[in-house]
Each structure stands twice: as structure tokens, then as C-alpha cells.
Amino acid sequence: MSEKTILRALKGERLPVPPVWMMRQAGRYLPEYRATRAQAGDFLSLCYTPDLAAEVTLQPIRRYGFDAAILFADILLLPQALGLDLWFVTGEGPRLSTVTSAAGVAALKPAAAIHDTLSPVYETVRILARELPRETTLIGFAGAPWTVATYMVAGRGTPDQAPAHAFKAEDRAAFAALIDRITEATIDYLSAQIEAGAEVVKLFDSWAGSLKGRDFDDFAVEPARRIIAALKARHPGIPVIAFPREAGPRYAGFARATGADCVALDNSVSADWAAAEVQKDGCVQGNLDPRLLVSGGEELVSETRRIVQAFSRGPHIFNLGHGITPEADPENVARMLEAIRG
């Protein structure tokens with residue numbers, strides 16, 4: 001059997017039709033997801049019940065035949081495994097107990113202690129490795145340290161990550177220690193996902209764009225480099241996708257600086273610019289505006305084709321610039337796939 005298309009792209013091969021998957025492809029836009037989510041009772045129960053987490057991971061594969069399935073979990077399971085309280089408020093999102101001092105960082109569990117909490121996630125990966133179609137690539141993931149830290153410091157998502165920036169300004173050494181602890185735990189977490197059957201892993205740095213200058217180097221580039229180097233040492237041949245969202249011009253050179261096999265792009269950068277400045281270093285992933293899966297129409301088709309064409313001279317995985325939204329029309333996803341695959 002020939003190698004899976006996404007693995008070929010991640011090795012630098014240019015394919016006539018780009019492989020495709022979507023961030024948050026298992027999500028509320030799908031009626032079957034909503035039914036399974038109701039069966040679970042709450043979001044965390046869905047994440048920690050392997051049969052149900054595997055089921056929602058498989059649903060978009062059955063419906064659309066995406067080239068990859070991404071593990072259904074949440075980036076905030078890791079801080080919970082490090083000892084923080086985690087709960088979800090209906091209509092508002094996640095809440096965490098907070099880490100705002102050197103003492104708070106010191107009180108976190110060591111990286112080696114995360115696996116008891118996260119063992120259901122690894123079981124989900126094992127189920128998926130058995131049940132996915134043979135041609136479908138299984139992607140594991142974690143939040144990148146900066147993004148995870150923003151939630152651990154603020155106790156919730158914030159529009160400007162101000163609490164994390166304040167902690168960083170007040171006690172840079174303590175904040176760096178927090179980043180180090182998350183980095184160590186992320187290495188062990190992704191390594192365990194790979195051991196359970198993940199064929200690719202992705203680092204989501206959703207708030208990388210709020211880091212500037214030296215901070216971007218210290219808290220986005222360097223942790224990613226450490227994580228990728230450690231994973232490559234433990235698991236040679238396992239590709240890593242990095243997503244420093246809203247990095248803008250810093251997308252250029254990110255693969256070289258971190259060792260990532262692929263850089264995922266948000267839709268704030270033009271595909272033509274990224275093809276010239278980012279794709280020269282290897283595979284790129286992206287970058288359709290998810291809002292087009294809500295509005296649909298000819299603009300969805302033409303923009304999908306434009307992105308495919310822009311990246312056609314090098315290795316490319318088609319994806320969105322951010323996660324698909326609950327308001328997206330499932331029929332528009334089918335239209336997008338038709339525009340890509342013909």
C-alpha cells in the first residue's frame with residue numbers, strides 16, 4: 001500500500017491534489033457530534049470517555065473522508081494534569097484555577113505525573129489507531145506552552161492575554177519557569193500519544209501573535225524547538241506541524257528555527273506571500289477563512305481553488321486558517337472538498 005498522502009506531503013512531496021483535513025472537524029456544526037456530546041453529558045466527560053471521544057473523531061471521517069483524523073481532546077487537559085482545577089461554564093467556555101507566582105509554578109505537579117489524568121486520552125488514540133481507515137492519518141496534538149500558559153495565568157481565555165503579559169513583565173524568571181514546566185509536560189504528553197498510535201503531532205499556539213520581538217523568540221520559538229527536538233530524538237520519523245497563529249511575518253523562517261516539518265497558517269496572511277516566504281522551507285498547511293464555510297456560495301469555491309493554486313508548486317496540506325465554527329453548513333464542507341478534489 002502506498003504511503004498516506006499527508007505523510008508524503010510532510011516529507012516535502014508536492015502532490016497533484018493536496019490532502020485535506022480541518023481544525024475542529026469534529027465539532028458542533030455536525031448533528032452527529034451534537035448527539036454524542038449530549039450522550040456524554042458535558043464536554044470534559046466527552047474528552048475523558050475514550051469510546052465517545054473516538055466516536056466524535058471518526059464522525060467527520062465517515063461523512064467526508066478527510067485525509068486525517070485529529071484526536072478529539074482539549075489543550076486544557078494538560079494544565080489539569082499538572083494539578084489545576086478545570087471546569088467548563090455553559091456558554092462561556094473553560095475556567096481554571098490560576099498560577100500567578102513563583103510559588104504557584106513550584107506547586108505544579110512534575111511532568112512525569114501527568115499520565116494518570118491523561119490515560120483516557122491515550123486510550124482514545126489506541127482505539128482510533130485500530131478503527132480508522134488504513135488511508136487516514138491520525139494526528140495527535142497539544143497546546144504550545146505560551147498559549148497554555150495564558151489560560152493557566154488568567155484562569156480563562158482573554159482577548160489580549162493581558163494577565164500572562166503582566167506576569168511575564170513582573171517576574172520573567174517565574175514566568176519562564178512556568179513555560180519550562182509546560183514544555184517538559186508537553187514533550188511527555190505528545191510522546192505518549194505517539195506511543196499510543198499518533199502518526200503526526202501538532203502544536204497549537206493560538207495566541208502566538210500577541211508575542212513580539214524577543215518574547216516571540218523566547219516563548220514561541222524556543223519552546224517549540226525544544227519540544228520538536230525532544231520528540232525527534234524519541235520518535236525519529238514522526239512529523240510535527242507547528243501553528244504559531246497570527247505570527248504574520250514571523251511565519252517565515254519558523255520551520256527552520258524550530259525544526260517543524262510543516263507550518264500551519266492562519267487566514268490573515270496571503271497564500272501567495274506564504275508560498276514565496278514559508279513554503280520554501282517545506283510543507284505548509286492552510287489557510288481558508290472558516291467564515292466561508294458559513295456563507296458558502298461561489299466565493300467559497302473560488303477562494304478554495306485560489307489557495308490550492310497558490311500552494312501548488314510545493315508540499316501543501318489544505319486546511320482552514322482557524323477552527324471550523326458551529327455555524328458552518330455541513331454542505332459547504334462538501335462543496336469545499338469538491339473544489340479541492342474535483
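Placed from the backbone N, Cα and C atoms, the Cβ positions cover glycine too.
Features as listed in Swiss-Prot:
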{"type": "BINDING", "residues": "Arg24, Gln25, Ala26, Gly27, Arg28, Asp74, Tyr151, Ser206, His322", "note": "substrate binding site"}
{"type": "SITE", "residues": "Asp74", "note": "site 'Transition state stabilizer'"}
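On the structure: features taken from Swiss-Prot.
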{"residue": "Arg24", "record": "substrate binding site", "DSSP class": "coil"}
{"residue": "Asp74", "record": "site 'Transition state stabilizer'", "DSSP class": "coil"}
{"residue": "Tyr151", "record": "substrate binding site", "DSSP class": "helix"}
{"residue": "His322", "record": "substrate binding site", "DSSP class": "coil"}
For substrate: widest Cα to Cα gap among Arg24, Gln25, Ala26, Gly27, Arg28, Asp74, Tyr151, Ser206, His322 in Å: 23
His322 (substrate binding site) CB neighbourhood, other CB atoms within 10 A: 22
Cβ neighbour count (within 10 Å, all chains shown) around Asp74 (site 'Transition state stabilizer'): 18
Number of Cβ atoms other than its own within 10 Å, given for Arg24 (substrate binding site): 19
Neighbour count (Cβ, 10 Å) for Ala26 (substrate binding site): 25
